[in-house]
Amino acid sequence: MLTTRHTGAMLTSIKLPIVIRAEINLVLVVVTALGLLSRLYGINFPKAVVFDEVYYGQFVSLYTKQVFFIDESGPPLGHMILAFGAYLGGFDGNFIWNRIGAEYSSNVPVWSLRLIPALAGSLCVPLCYLLVVELGYSHLTALGAALLFLMENSLIVQSRFMLLESVLIFFLLLAVVSYLRFHNAQSGSPVRLAWLVLTGVTCACAVGVKYMGLFTYFLLLGLAAVHTWQLIGDRALSNGVVLMQVVTRFLALVVLPLLLYLGFFYVHLNLLYRSGPHDQMMSSAFQASLEGGLARITQGQPLEVAYGSQVTLRSVSSKPIPCWLHSHKANYPIRYENGRGSSHQQQVTCYPFKDVNNWWIIKDPGRQDLVVSSPPRPVRHGDVVQLLHGMTSRLLNTHDVAAPMSPHAQEVSGYIDFNVSMPAQNLWKVDIANREAEQDVWKTILSEVRLIHINTSAVLKLSGSSLPEWGYRQLEVVGDKIYKGYQPSGVWNVEEHRYGRSLEQRERELELHSPTHIDINRNLTFIAKFLELQWKMLTVKHEDSEHKYSSSPLEWITMNTNIAYWLHPASNAQIHLIGNFVTWTLANLALAVYVLLFLSYLLRRRRKIEDIPEATWCQLLQAGVVCAGGWAVNYLPFFMMEKTLFLYHYLPALTFQILLIPVVLEHLHTHMLRCASLRRALHGVVLAGLSSVYLSFRTFSPLTYGQPELSAEQLASLRWRDSWDILFRRR
């Protein structure tokens, strides 16, 4: 126990004042501030959907509503990061992401959706600085790398919107910096292990954002394997120390990323617990694990649709929000707002919620029975049926009357006999689109069915338009006479299904109100769900179509292509993914010079001619593995991919290639140019190059930030390549 005397002695031994000294790298602070300014400035502009925001926005909305989905392009971490940004801004998920250029409504916090990608892109600037320093080059060289990255127009554009490339690049650079910090730290340093763990964490995050992160992850694993092999050969270390080092690296760089990758899916599956647009791609057990999943709905339901079946028909194209063929006790207005007349018959719509008015009865036109016979008579491909609305007993009808929102198509209605010389036209042929896989019997969920009108050959189709207030803002259903090929908007699935048993209308209404299923408990383990979901993501591919702005890898390296991200609907203001032309040229030149230097040194060393010290050769070799290797592993694999590719796929490779510019320049200055006059000449070339980079950045900044608006002549002057698609309006 401490006495008062001991306590007093301890207090007198403490020297006052207590001083903490900290070293602050002002250059690093400045480049970080410039990075934040360049990426965060005006991220609210434009307040409209920009290019792939239309793609990622759908997933953000589904996350907000906790609705399950599958995105085959990558793991869920990137979507979760974007959804977290939406959560910070209080986004409720209610926005229709249906077209590029659509104005954001007041409930969409634009700054919040774009904040995290912008912050990630900003922090990449100081990371470039730190990476070059960790490679053993001077702080002046590192500053040059940071400035080149800072003024790269394409990286700025990609950082300022709700896109994932800047987040991916941030994790890639942080992983490389962390590993180099670990490798360069003194053995036994307490922070050394922390850097190794951070390397594993950031590698997992990179892969969790996009599968492209695997390329750099494998590069780092290869570099770590070489360093570990050298460690094993160090006879100064005991076997126990070597074993501990090997096990630690394996746990941090292999086991930890795998566990984190599983963790991303665990969070993903726990967040998205509601039935979603991709349920039908999953097994019945998986669907049963989702709230409202189809397996729960269809449990115990008949498989084959028969005459007398009571069904709900869901549109195959209604994604991400489902909708069902619907009718209710309201008629089309006699005349629409534009003066066109209607049939004034009962409205038929597509309704995005489960409702008793979604039920229809499959009727045999030759019989009056509305119950299933014993044994049931299944409906087959090519059969002609009538569809009777369960609650109102109106038959599904279409005729040569223009649809309310789509006048080129026919109105679809529930037939009412007004005795005005408009006879019923309510016969429909069942056309099973996937009968090769599911045979010619109409089956619950499995069959994709087109309903073809007998009199006019029109196909029952979801138009995609919303009806006005008189139609309760529900979605329009039409009869399309010019329907060609397979279009999801004209295909329907039977989702809920029962065999009708009630003969009287009142009894039938009670039957329709009753549930079709009994809830069951299906316990599916996380690992089983993860394996099924991962397999679907890797094997289920949506059909790729040629895009106006798609490009080949050969077009990227010389920037022969661009992407128009946003065009103002009334002015010449626009945003394009176009890089800094000078930087891209210098990066290609630096790569060529490095390859020549490497081959020259390699051949001369083979001849026992050592032009540079061993330490310098190792430094140049390591810089080549990180920078040139980082470019190669993030670029060359795209030549083997069959997916639709865009210029932004090149940005991770470009990042590592840019870092090669100052590395090559310092090596030339320090080890190749012996004469002072040649070094002064190189200084002049470097200053001229940086000035050119800045001028190129300023020149294209109106296309980077979307403002100020340029005239048609100014825009035409920016078309440095004939292949660039820069649009403008002449006034």
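Note that Cβ sites are derived from N, Cα and C of the backbone, with glycine treated the same way.
Where the annotation comes from TrEMBL, it is an automatic prediction and has not been curated.
If you look up TrEMBL, you'll see 302-365 (among others) marked as domain 'MIR'.
Summarising the annotation, TrEMBL assigns domain 'MIR' to 376-433 (among others). Here the domain 'MIR' (376-433) is broken down by DSSP into helix, strand and coil counts: 0 helix, 26 strand, 32 coil.
The feature domain 'MIR' is assigned by TrEMBL to 437-497 (among others).
Here the transmembrane segment (20-41) has long-range neighbours at 115, 118-119, 121-126, 129-130, 139, 143, 146-147, 150, 156, 159-160, 166, 705, meaning same-chain residues at least 6 beyond its ends whose C-beta is under 8 angstroms from one of its own. Under the heading transmembrane segment, TrEMBL lists 20-41 (among others).
Sequence-remote contacts of a segment are chain residues at least 6 beyond its ends whose Cβ falls under 8 Å from one of its Cβ atoms, and for the transmembrane segment (77-97) they are 49, 53-65, 71, 104-105, 107-109, 111-117, 162, 164, 167-168, 205, 208-210, 264, 267-268, 271. What TrEMBL records for 77-97 (among others) is transmembrane segment.
Annotation source TrEMBL lists transmembrane segment at 109-132 (among others). Sequence-distant contacts of the transmembrane segment (109-132) (same chain, six or more residues past either end, CB-CB distance under 8 Å): 27-28, 31-32, 34-36, 38-40, 43-44, 47, 53, 57, 60, 81-82, 84-86, 88-91, 141-143, 145-146, 148-150, 155-156, 158-164, 166-167, 169-170, 173-174, 176-177, 180, 626, 655, 658-659, 662-663.
Here the transmembrane segment (163-182) has Cβ contacts under 8 Å with residues 39, 51-53, 56, 74, 78, 81-82, 116-118, 120-121, 123-124, 127-128, 130-131, 134-135, 155, 192, 195-196, 198-199, 202-203, 205-206, 209-210, 212-213, 216-217, 220, 223-224, 626, 630, 648, 651-652, 655 of the same chain, all six or more residues outside its ends. The transmembrane segment feature in TrEMBL is assigned to 163-182 (among others).
What TrEMBL records for 194-226 (among others) is transmembrane segment.
Sequence annotations record features per position, and here TrEMBL assigns transmembrane segment to 246-267 (among others). Residues 75-77, 80, 193, 196-197, 199-201, 203-205, 207-208, 217, 220-221, 224, 228, 231-232, 526, 530, 533-534 of the same chain lie 6+ residues outside the transmembrane segment (246-267) yet bring a C-beta within less than 8 angstroms of a C-beta in it.
Annotation comment: TrEMBL describes 581-603 (among others) as transmembrane segment. Same-chain residues lying 6+ beyond the ends of the transmembrane segment (581-603) with a Cβ under 8 Å from its Cβ atoms: 148, 151-152, 557-559, 611-612, 617, 620-621, 624, 627-628, 631, 654, 657-658, 660-661, 663-665, 667-668, 689, 692-693, 695-696, 700, 720.
Under the heading transmembrane segment, TrEMBL lists 615-633 (among others). If you look at the transmembrane segment (615-633), the same-chain residues 6 or more away from its ends with a CB under 8 A from one of its CBs are 131, 135-137, 172, 176, 180, 215-216, 218-219, 223, 591, 594-595, 597-598, 601, 605, 652-657, 659-660, 663, 667, 671.
Sequence-distant contacts of the transmembrane segment (645-665), counting only residues of its own chain at least 6 positions beyond either end whose CB sits under 8 Å from a CB of the stretch, comprise 124, 128, 131-132, 135, 137, 141-142, 144-145, 148-149, 152, 154-155, 158, 163, 165, 168-169, 172-173, 212, 215-216, 547, 549-553, 555-557, 559, 561-563, 577, 579, 583-584, 586-588, 590-591, 593-594, 597, 623, 626-632, 634-635, 638, 682, 686. Taken from TrEMBL, the feature transmembrane segment applies to 645-665 (among others).
What TrEMBL lists as transmembrane segment is 677-697 (among others).
Using a Cβ-Cβ cut-off under 8 Å and counting only residues 6 or more beyond its ends in the same chain, the transmembrane segment (677-697) has close neighbours at 144, 147-148, 151-153, 580-583, 586, 665, 668-669.
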